[in-house]
Amino acid sequence: MNPVIKKFQYGNDTITLETGRIARQATGAVLASMGKTSVLCTVVGAKEASPGQDFFPLSVHYQEKAYAAGKIPGGFFKREGRPSEKETLTSRLIDRPIRPLFPDGFVNEVQVVCTVVAAEKDVDPDICAMIGTSAALAISGIPFNGPIGAARVGYTQADGYLLNPTYQALASSELDMVVAGTQDAVLMVESEANELPEDIMLGAVLYAHQEMQAVVQAVNELAKDAGKPTWDWQPEAVNQALVDALKADFEESIGVAYRITDKQKRYDRLSELRSQAVAQLAGEGSDISQDDVKKVFGKLEKNIVRSRVVAGEPRIDGRDTKTVRPLQVEVGVLPKVHGSALFTRGETQALVVATLGSARDAQIIDALEGEHRDNFMLHYNFPPYSVGECGRMGATGRREIGHGRLARRGVAAMLPKEDQFPYTMRVVSEITESNGSSSMASVCGSSLALMDAGVPLKAPVAGIAMGLVKEENGFAVLTDILGDEDHLGDMDFKVAGTANGVTALQMDIKIEGITEEIMETALEQALHARLHILSEMNAVIAQPRESLSDNAPQFHTMKVDPEKIRDIIGKGGATIRSITEETGASIDIDDDGTVKIYGDDGDSLQGAINRIEEITAEAEIGEVYKGKVVRIVDFGAFVNFLPGKDGLVHISQIAHERVQNVTDYLKEGQEVDVKCMDIDQRGRIKLSIKELLPQPEETGGSDAE
């Protein structure tokens, strides 16, 4: 073994890239370390493409091993199971910047596997995994127009931009941004922020790109020392005769089809034209395959749409570059639910529902850095009917998890603190129609549904997706892109925020040469679009509802003496269990005596409050209580008048007349009203029944005159 090791300083961290010692049968393998966090990144590429392969089969798998943090997995099987949401999101984070760097026409299968084998608790391994993947691809010899660098950026007003901040530093940061790019271009941005202005966000992107050049340089040096020979791969030659034939016979018809503004009608017409082209050019006796015809047909579609946009002609649906599609905003659309909204923008529609629960409904997340609870969940569902198709239903896909997380980032900064609003919140966005930017429709719908549920958001949030078409003779930034514009364009740029600033920014770029000017233009257009959408939303609901829905759980916090906690819980939990069973409420008790009570309705809540007040109540001199006789003795009776509290009614306090036998007046189990007369220094309570009885009328006549 002759391992090659490359070390370099990256901000406050030392990065180590090592190859040639582990996983030597992979096409490329690098053990990347950042401090005490290590990720083994491997790349395997198939030397030959599968016959008939017409797309690039790239798969990226990021996996966190429990042993990396010195843990044993939970569960019955005690081994890692299906990917967690964090693993899925990081897999997408690695995939997005590397995918556009493989050359057009390269359809050999490539698999990237990143395994976290050692982890510090205060460092997210994702940046280390991205750097390791870049290095593994660079030394593999697989055709790849890299390498890439990656950086996480934080921001505080006091310190400015922070490079690769730890979890502790991020806790006080107003920004959490991940940027990836090559030596010359930014390729991907993923971020959440606390209402930061556009210039700060753009500055963070440029700062990250500048700092990541250290990574690009180090990976290039590693590839020079340890790289394998570059594959002898050439793209298939263009069949110019086929291109010319399709242009001559179908270019005009395709152009007319792209004037049809209705998505389904447009798709039907294009499908019809595609079938005609296949029948005409790939029929019997032809050496041209159906796939070849469809591929060239698709490129012709792309060229037609792009050239029109750059030339300033109307877009597919007739809009100019800055117009947002017609909006329709509704709230309170569903009965029984806690909050709901229907947000429609053109042919994209999201039905969003907000549900409130108790603290115990929070999601428990067992991560490498330790276990924590999450009291806000946003789930995004994209059923096949939303695009008029039949399709697979079942487990949540990577795309749905990624879009849900983006929508969550947009809204999360505006949520109230847990001590102000102690509910667990779950938002579900059902995409019922889709033609572009359903994740941003989910942001708008989530904001509306949460306000409809009475959640005190700091400000309403809206989101918009921007696109880009860039040609040699100019570029056009498109506001509120359609699905076709996303597919045929060069950039997907999503911005969510309030009227005051940006809360989430996601950018995926398919080409090099995106300049600062283009990003500035996109952010400026996105701001105008966001303010327009917010004005439409505010016309329907501008403030959170003053009270929660009647269907939402009711909540009350009370403080008790910590010494009383054991009385509320009871022996083996019997008392608290009886309260929850009788009232239907759920109760959480903190060690400091804070009691949080959640009831399904007002009656449930009040019932639980009353029971706890009874249990924790202290006897007060002069107060009247309803009690039950629990024991009779010669000198009086003991009466239970509060949970766990008995007092003595002395024989002299039973009646106004002289009492010879207590049993003539009282029986065990009898309910009586008693008045608290005194509590001595030893805590013994003296009660009286006599004090509550009417005074007897005096007998005997008046004096004679």
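Every residue, even glycine, has its Cβ placed from backbone N, Cα and C.
Here the structure is a predicted model, which means the values were calculated and not measured.
Annotated features, as they stand in Swiss-Prot:
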- Asp486, Asp492: Mg(2+) binding site (BINDING)
- 553-612: domain 'KH' (DOMAIN)
- 622-690: domain 'S1 motif' (DOMAIN)
| said: Let's check the environment of Asp492 (Mg(2+) binding site): how many other CB atoms sit within 10 Å of its CB? | reply: 21
| query | Which residue counts does DSSP give the domain 'S1 motif' (622-690) for helix, strand and coil? | reply | 7 helix, 36 strand, 26 coil
| remark: Counting across all protein chains, other CB atoms within 10 angstroms of the CB of Asp486 (Mg(2+) binding site) number 17
| remark: Taking every residue in the domain 'KH' (553-612), the average pLDDT works out to 87
| What are the DSSP helix/strand/coil residue counts across the domain 'KH' (553-612)? | 32 helix, 16 strand, 12 coil
